[in-house]
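TrEMBL lists 260-352 with the feature domain 'Transglutaminase-like'. The active site annotation in TrEMBL covers Cys268, His326, Asp349. Positions annotated as Ca(2+) binding site by TrEMBL: Asn389, Asp391, Glu439, Glu444.
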Amino acid sequence: LAATQPSTNWHLKENAREHHTSKFSSEELTVRRGQAFTITFNGTEKPEQNLIFIAETGPKPSKATKTLATFDISSTVSKEGWSAVLQSTNSSSVSISISSPHNAVIGRYKLSVQIGSSTPTSLGTFVLLFNPWSSGDDVFMPNKAECEEYVLEEFGIIFAGNKNHISSFGWNFSQFQGDILNICLSIMDRSLYYRQDPITDVSHRHDPRYLGRVLSSMVNANDDQGVVLGNWSGKYEDGKNPSSWTGSGEILQSWKKSGFKPVKYGQCWVFAAVLTTVLRCLGIPTRTITNFSSAHDADGNLRVDEFYDADGNHLERGADSVWNFHVWNESWFKRNDLGPSYSGWQVLDATPQEESGGIYQCGPASRYAIKEGEVDLDYDCPFVFAEVNADCMYWNYDSATGKKTLIFSKSTEIGDSISTKAVGRDDRVDVTRDYKYEEGSAKERDIFKKARKKLGLEDKFDPTAPTQEEIEQKPDISGKFKVAGSLEVGKDLNLLLVLENLQSDAKTVNVNMTAWSTLYTRRPVNEIWKDSISVTLAPKEEKQFPIKIKYPEYQQQLTTDKTIQVTALCHVEDGIQVLVKRSITLDNPAIDIQVLGEAKVNKEVVVEVAFTNPINTEVKDCVLQVEGSDLLQGILELRIPPLKASEKSSTKFKLIPSEAGPKHLLVNFSCDKFADIKTFKMVNVIN
């Protein structure tokens, strides 16, 4: 027999088109499981002789762990295992159609052929991914438009701000760019699970449920030198500020370049966006979800406690917290362990908040289980249930005596306006109803009680819980903060404190007010302002008190989250205290992008970015960062000269688009007075 080394034609273009992998930029065949691909190779003198193929993956391939398959030529595709069907032959080469099973282990495979009884010869390597287009796959998604969005779309929109004022920014997932696929494969090989038992770990890689959980732990750096290091201190000097990233590509490339050292720094949306990139890259349909007023219930009692001192300062006591927003992921797959009604969207959360099974990982928690209060089901349902449903207790804490007094409790505060990007459009879709029944409805309270019961909280005496008497006490006055005017960085902040006497006799109220700059997690960072007033309210009277916080007062204190918490603690004579609070997120000034002319594949097109300095002092250290998959390689960074008060800057740069279709350009502008002004523009590229 000829001993020549076979040369393989992988039919990269044709196979990629069939397998929805054309966007990968690799020279290596990348295909999806449960679907046939064609290869042609020569070096076989008599192709009809028995050919045996060997596909193997992982450190010690074996049939027992389904990481090794040997299969010969058959006339039909096997239902169970791998198969090869002869397509055509001529005197020097043979074309074969190879199919993998629907539940094959994903990853990089080595393919060899054995001709007759000779030693096997390597044909090369290929990468096998999940297949949401195939009805036999656990990640099968019947709606094709959803497959396009949740697997193939490289642009996303992440929602942020707070429930009164939802803002959004673009993100470049870039799951098909450059070396990202190889980086995603190496993430799997660096997990604790792999390090402890590589053979078992690889054998589980057919299961999206297993991989989702492993990757939720690998995207954060806790435990395992994962991809991103979290930092919620407000100080990021020795790394990148979490709000300055515009895409996952730079983060994943940095992780690899540094020899797999965690990238500094991330906060929740960074973890969620990087996990989206990794899972979409591997073929698991995934999206980011933002939950407003998100509870972090550290002690598992479905209750979060917040503490305030007599002056109205928010105290950092206890481990519970409520974040203005929190971003996690949903991935789409079957839950064979729980049953058909629990399949579909599954919650995964890569932000390191609480340990699960001894490491910082969270999920997959079935979204249906969360809605139905089935908190005893795998994985981490109690934590996710609390994020959208916990009850809130607000306490006054006296540090001198250690005494705490309940101010009020609220069961409708948590889990508001749960949001994700629409399919095929740059709009927000509200998915709150998929997480819980209508807030305040009898059904929603029943589910809450059911969850408490399953967690054994109903029968257990909790000494830290308020008494029924405390919960039912009725305040004499009500209050709220109203916004008067615009909420913009660089402008004065004008608010109204509105107090109303609910009783038919006059009330005297002493009000202690504070304003603090906070992180989006509501963690107080700097005090900005405080004041106290004493007021008398006639029976049933409503009064308004204007509050003005000038830009110079808050400018130095503001964090890059641009969030201010205002609080008024009202001490009513002979009555119970009333807490009035509001979290305010300021908007950055606008930045404008114009594409000058038509965007065509492989042709230069000029883009202009304009920014007007809105404040009456000079801004300096201005930097413009631009990225966009298929529009430019990597990240473009441009330095811009200082801008005087009210001065407008206009910056032009060139793009050379590499692919046709709707593409997104992301821009991030920073200077000494404004951090991370973000915007994006859809660019329609034509051939």
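Positions of Cβ are set from backbone N, Cα and C atoms, glycine also.
Just so you know, TrEMBL annotations are computer predictions that nobody has curated.
Cβ contacts within 10 Å of Asp391 (Ca(2+) binding site), excluding its own Cβ and spanning all protein chains shown: 22.
Asp391 (Ca(2+) binding site) has His326 as its nearest neighbour among the active-site residues Cys268, His326, Asp349, going by CA to CA distance.
Among the active-site residues listed here, namely Cys268, His326, Asp349, His326 has its C-alpha nearest to that of Asn389 (Ca(2+) binding site). Listed in sequence order, Cys268, Thr290, Asn291, Ser294, His296, Thr351, Glu387 are the same-chain residues six or more apart from His326 (active site) with CB atoms under 8 A from its CB. With a 10 A radius on its CB, Cys268 (active site) counts 28 other CB atoms from all the protein chains. A separation of roughly 24 Å, to the nearest angstrom, links the Cα atoms of Asp349 (active site) and Glu444 (Ca(2+) binding site). A Cβ within 8 Å of the Cβ centre of Asn389, Asp391, Glu439, Glu444, the residues given for Ca(2+), is found for these other residues of the same chain: Val388, Ala390, Ser411, Thr412, Ile414, Gly415, Lys436, Gly440, Arg445, Phe448. Neighbour list (Glu444 (Ca(2+) binding site), Cβ cut-off 8 Å, at least 6 residues apart, same chain): Lys436, Tyr437, Glu438.
Sequence-distant contacts (6 or more apart, same chain, Cβ under 8 Å) of Glu439 (Ca(2+) binding site) comprise Thr412, Gly415. Ranking the recorded positions Asp349, Asn389 by the number of CB atoms within 10 A of their own CB puts Asp349 at the top.
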